[in-house]
Amino acid sequence: MRHWSRIIGATAAVVAVSLPVLASAETLTIALGTNVNTLDPHMSASVGTDLSVLSHIYPSLVIRGPDLKLQPAVAKSWKQVDDLTWRFTLVDNASFANGEKVDAEAVKWNLDRVRDPKVNARIKAWFDLVKDVKVVSPTEIEVTTSAPYPAFADQLSMFFLLPPQWAASHKPATETLSGGRYELAENVPGDHITLKANPKWWGEKPAFDTVIFRNIPESASRVAALLAGEVDLITSIPLTEVKRIKDSGSATAGSVPSTRSLFIKFNTQKPPFDNKVFRQALNYAVDKQGITEAIFDGAADVSQCQVLSPNYFGFNPDLKPYPYDPAKAQQLLKSSGVDLSQPIALDVPTGVYLQGTEVAQVVADQLTQVGLNLKISEMDFSTYMNKYLRSRELAPMSVLAQAWPTIDADGLLTLFAPGNQYAYWDNAAFGKLLEQGRSTTDKAARQGFYTKATALMCEEAPALFLYVQPATYGTSKRVSWAARGDDWVRAFDLKPVQ
Amino acid sequence: MIRYVIGKLGEAIVAVWGVVTIVFFVTRLLGDPAALLLPVGASAEQLDAFRAALGLDQPLWQQYLSFLAQAVQGDFGQSFVFNRPAITVVLERMPATITLAVTAMVFGVLIGGGAGAIAATQRGKFAEFAVMTLALLGQATPVFWLGIMLILFFAVDLGWLPTGGYGSLAHLVLPAFTLAVFVSASIARLLRSSLLDSMKEDYVRTAQAKGLPPGQVFVWHALRNALIPVVTMVGILSGELLGGSVVTETVFAWPGVGRLIVQAIESKDFPVVQAGVAVIATVYVSINFLVDLLYGVLDPRIRRKGQ
Amino acid sequence: MKAFLRALVQSRGGLFGILILMLLVAGALLAPTLGLPDPVRGDLRARMAPPTWTGLFAPGAHPLGTDQLGRDILSRIVYGSRITLTIGAYAVVLGGIVGVMLGIVAGYCGGITDRLLMRLVDIQLAIPLMLLALLVVAALGPSLTNLVIVLALTSWIRYARIIRGQVLALREREFVQSARTIGASTAQIMLRHILPNVMTPALVVATLELARIIIMDAALSFLGLGVQPPAASWGRMLAEGRVYISTAWWVVTFPGLAIMLTVLSVNLLGDWLRDYFDPRLRT
């Protein structure tokens, strides 16, 4: 039932957005929880802040719409010529504010820049499979990859184009030259960034003349700013605040499922988590539904025994969560032969996941009730990541939420592939299925492989599957937002309310 | 005199060098920026290549030497996160921090000083009780609680002031008040107790006995001596505020250096952490130097001995 | 002793302070026998239940409400006091002893000792607390002892700077000079003549530090140093309730009041002790 109302709501939002709107000289203010750090679109992989702001200034080949589907931008169409070749046809009227054309040469220059080891681009990893970029004509470009890269077009929605000639004599980290809907008007580091509509923008005129991104780190202060009428859009607020905003009547709020699933990762390479029955037992011992209802007011969806949320390509609709069954859990724990008295560490990163530390305490409590001896240790995210990737000492259990920006199983599931440094799980059959999924670009065939892979992962339980994180937001009554769960915060997804 | 100044300058340089060196090794011991800056899914080779590009694959002593060689020229390297010189990133946040710190200190000292003096001279009266109760509230109220309550009342309910941000005088009021409450509470308590002490001193009693006007006795004899611990406290608090008050900056979205440094520690942006602590260490050394000079003004006997 | 107690009972502030403090300590010591609800296991369905005073002694009553996980706040405050008061007392005393000692040494000896100690203070002040905490967790591991060490480390400098300033003035005073002329040793002068005269500022700093330390404990426990969930300390309760400040005021307000009450009682007691032991006031 909840699903239906959400789908209807989302559809209504999309319809509302697609209605023609009179252009008005309005200012839109958006609050961001974290700081915008750099203006160089190749020097940040942070979609929710840097890339969102830069998506107003720089053009991209494709963009991802509020419905999470790819839409044309500089590329008016694209197709896969074969498993290893992509061809993009570009619009012919796109240009930067200095007159530089956004043409095939410019695209090639950007793809070369991001892969240049000397540039040390932060997003280089996204393009490591790109082997060759060939300019066919000013409006035609062909990219060859060294292996099939089915999500390449999706990846390009996070890749913004700099003006090549301008970049030769300017510093993109601090300077900008617009080729998008807006241009930079003011940047007060740590406080706000003001954008003005780009008069030379080659597309449809945006609805807001001025867009201000304000940095408000404290969630209570973001809510206050919304209620005081200072900002029009806020995100990442606790569910209790969603309710308060709705009750206040002076603004609206809500949530949509995000693309990020929260789970408890097991270090299956060390006892006792090398024991499959033990891992399954833990999945039975936690009341996922109860957690989503109590802590998220029902706004979080229980994970369907996989790390993919329904938005992902490759999502397996046939899987069902492990039921909450403490008796069965205890029985499995017994048959697993694991000594339950041993202390087991549960690492919890603080300050990164919406209400994540609360969830960790509830899970720990429920696992304690079936007889485990759990010890929570909280730590800051960088210490956590250091254990995860650098010193490679992932705790037996750790709270983790992962998403993949292309919203494709190839990517998110790869983080569990054997040999992958993120995995801490070594299952050859799973790895084989992922390889097969990547070896073709045929959608039905790929879906088949991922259906098998997710089913295997559910059965093997390398994690305690919990829920899909809700993406919470609040908007002023002046605007409507096509709420989305994939971190993008863009002025052109908002429309003034008449 | 010149020798004295050079000596002090030498000490200052040693202290700043000490801080920066400690922080250099501590940050490198604690973590790895690669996993935090690269997108999730980056392979081990990509992480290694990234570390190499930042020079983090070099032996630690070698990194340290090249860091020192740059640092003596005021260059703390490029920020890993901001992709521009770390010292610029830090210094551009300083005006906001200094504005807030100075405003909060001025009001905190005036209010706290006045309150402390009233409390000490009105011993046992209602005024003392009122002042000390307020001071207690001020020192035991968590800053974030006070901050959010002020926002809810003055910005949301009344709509008189902005909820946060930086730019105008109106933006400054609430954060400065929040900090001033804490500062004035500390100063009021310290001044009251040291005034009570000094008013019992023989020389104050002598001055009173000589029939000097009470005001003159208070200011010239009791207050001057009582100010020594207060001046020290003002020094410590100023240093702390100039180093950035993280909680206040966070609650009021104030773009100060405290939040910046915490963010840099969290994201393992070594150059910014180093530049930040170097700046803060310089601030502390200078303030403590000023405080030492003030001692001499307040009590001439200290000056005689001190030099 | 009898005179001391009589004086204590006759002073309003001192008596009030000691009574509150005794109550807090008694609560901490007797927590398990008070019949309070489980402080670490809550009822998720009774999440953020507001305070109710009806059926106060009935099972399931929450006189101070419940927190974000449905745990009884009164029970958490009482159990939390065990950790908070212990940490506070140790950190304040440890930081105080070290700080007062070094402050006296720096102020009295002057010269190179003073300069060295004061630059050490500058260095310590300039190192961000977060870095220090992360270092201690990484190097020594998380434990309450290490938490106290970090808190004391951030604390001694305040005593040291303030005491030193005081001593700089004191050492030129007649009574110190004359003690020196009659041949008192440096240690004797420091202990007998200087120390009693710096106790007043030291006590004030100690009460200021107590409040700071209790609140700061939370920031450090999120970095993995100190109290880990589901155990409670007052600082943690404050910090965990932070996001609910505008939707469930009781979650942060009651631990906040507990902190305030503690600081108040220590202040009152401190003020009275100072007056009581001040030789100039005793006639």
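Cβ from N, Cα, C; glycine included.
Keep in mind it's a predicted model, so treat the numbers as computed, not measured.
Among the features that TrEMBL reports, transmembrane segment is placed at B:12-31 (among others). Counting residues 6+ beyond its ends, the transmembrane segment (B:12-31) has Cβ neighbours under 8 Å at 56, 60, 63-64, 67, 71, 265, 268, 270, 273-274, 277-278, 280-282, 284-286, 289 in the same chain.
Annotated domain 'ABC transmembrane type-1' per TrEMBL: B:94-295, in sequence order.
Same-chain residues lying 6+ beyond the ends of the transmembrane segment (B:98-119) with a Cβ under 8 Å from its Cβ atoms: 127-128, 131-132, 134-135, 172, 175-192, 195, 223, 230, 234, 237-238, 241-242, 245, 248-249, 254, 256. Positions annotated as transmembrane segment by TrEMBL: B:98-119 (among others).
Here TrEMBL flags B:131-156 (among others) as transmembrane segment. Distant neighbours of the transmembrane segment (B:131-156): 112, 115-116, 118-119, 162-164, 173-175, 177-179, 181-182, 184-186, 188-189, 192, 245, 247-248, 250-252; these residues of the same chain sit at least 6 beyond its ends, with a Cβ under 8 Å from one of its Cβ atoms.
As annotated by TrEMBL, transmembrane segment applies to B:168-191 (among others). Within the chain carrying the transmembrane segment (B:168-191), a Cβ under 8 angstroms from the stretch's Cβ atoms is held by residues 99-101, 103-105, 107-113, 115-117, 119-120, 131-132, 134-139, 141, 143, 146-147, 150-151, 154-155, 161-162, 226-227, 229-230, 233-234, 237, 241, 245, 248-249, 251-252, 254, all 6 or more beyond its ends.
Within its own chain, the transmembrane segment (B:226-252) is flanked in space by residues 93, 97-98, 100-101, 104-105, 108-109, 113, 116, 143-144, 147-148, 151, 163-165, 171, 174-175, 178-179, 183, 186-187, 190-191, 194-195, 197-198, 258-262, 280, 283-284, 287-288, 290-291, 294-295, 298-299, which lie at least six positions past its ends and keep a Cβ under 8 Å from the stretch. Annotation source TrEMBL lists transmembrane segment at B:226-252 (among others).
Positions annotated as transmembrane segment by TrEMBL: B:272-298 (among others).
If you look at the transmembrane segment (B:272-298), the same-chain residues 6 or more away from its ends with a CB under 8 A from one of its CBs are 8, 11-12, 15-16, 19-20, 23-24, 27, 67, 71, 76-77, 79-82, 86-87, 89-91, 94, 224-225, 227-228, 231-232, 234-235, 238-239, 242-244, 257, 260-261, 264-265, 306.
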